[in-house]
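Peer 1: Following this message is one structure expressed as structure tokens.
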Amino acid sequence: MVDSSGFAGTDVLALHMGDGLIADRASAWFFVIAVIGVSIAAWYARSDLNKRSVPTAAAVCALLFALQVVDVPVLPDVSGHVVGGALAAILLGPFVGAVALTIVLVVQAFVFADGGLSALGANVTNMVLVAIAAGFLTATALRALCEHRGVRRFVMLGLVSFVGGFVSVLAAVTGFVVEYALGGTFAVPVSNIGFLYATHVPVGLVEGVVTAAVVLAVARVSPESVQLTRLPVNPLDATTSPPPPPRPRAQGTLFIGLAFTSLVVAGIVAPLAVDTPGALEVATTRGCEIDSLAEDLMGDCMARDVEEHRLADSALADYTIDDRPGSTGVAAVLGTLGTFVLASVCFRALVPRPAKTTAEQRTQQRSSSAG
């Protein structure tokens, strides 16, 4: 027997839940919740998208994917990565952001065997719906407070982004705790829950720093492209005039910057990431040991019944190409490009189509013009 802290076969990566972590019935319910939530988000996202904004939104989606590939050390022998809930909501708005982050999780689950297939609904519920709601509401409230106190815009953006990112991670952890309480297979001591939060506090700090850095960089290039600042501080104030749309040149520069950054993160930074267990993996395997012969978890811990991913033998599983050493960068770049293409297709499909002018309407228009 060996301690479970070094076991990477539990298929629990960062905040990605593996199949078997919660019961199948609970997974099915959370799948329904996720479908309803994302469907509502997609419906409302239609009003936030247009043909000009689709490339930028897809580039943000690709950046979210690339950032999630990079695991950074947050504690000794513990790693974590950006979730991107607050980042997506601040840049794209909560509805487009929810669709974007869902696309990322779908690509990860079906192409890279990252996050269980039956657990996809649970992952979307806590990493998308809960994280985005908490991050966006926190950022919105803090922005209103900063505006009221006259805080400078640059300082305000950095502050609300950092706090929103930090809160979004702890909210996602809370979502996981609720999901496990409703569908978990083992009763766990309260100390394990405390340990779960403790390991994710540094993850939240990393999330906050990255969120603030990206938002401030975007605001430097194209201030109008930060969706949070386009919303009125007081939604009930009818006298507030709508903000101007992003300037085409600035939007083009932003797209190039996002695309370049995504490829650099995926192709250069991702291969340098640490290969230590994620915070959720460490917390959910606490209390178990590994049977070195069967490579199964033994004991009472959250992850004891986690199953191997159904697509674990796929070509790009675990962000490698056929499990070849040194192929992480290429796999991550392929995933980033694929995410961009899929997001472009999905966002383009959500753009409202202009109403067709009937022959009768055209005749009336000509008559009124002639008159």
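Backbone N, Cα and C atoms are what each Cβ position is placed from, and that goes for glycine too.
TrEMBL labels come from automatic prediction, so no person has curated them.
Annotations for this protein, taken from TrEMBL, read as follows:
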- 254-349: domain 'PDGLE' (DOMAIN)
- 26-45: transmembrane segment (TRANSMEM)
- 57-75: transmembrane segment (TRANSMEM)
- 87-112: transmembrane segment (TRANSMEM)
- 124-142: transmembrane segment (TRANSMEM)
- 154-177: transmembrane segment (TRANSMEM)
- 197-219: transmembrane segment (TRANSMEM)
- 254-274: transmembrane segment (TRANSMEM)
- 329-351: transmembrane segment (TRANSMEM)
Peer 1: If you count every Cβ pair below 8 Å, which range out of 57-75, 87-112, 124-142 shares the most with the transmembrane segment (26-45)?
Peer 2: 87-112
Peer 1: At a C-beta cut-off of under 8 Å, are there same-chain residues at least 6 beyond the transmembrane segment (57-75) that contact it? List them, or none.
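Peer 2: Result: 14, 49, 81-84, 87-88, 91-92, 96, 100-101, 103-104, 107-108, 199, 202-203, 205-206, 210, 214, 254-255, 258-259, 261-263, 265-266, 269-270, 273-276, 278-279, 319, 328, 332, 335-337, 339-341, 343-344, 347.
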Peer 1: Note the mean pLDDT of the domain 'PDGLE' (254-349), expressed as a whole number.
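Peer 2: Averaged over the domain 'PDGLE' (254-349), per-residue pLDDT gives 87.
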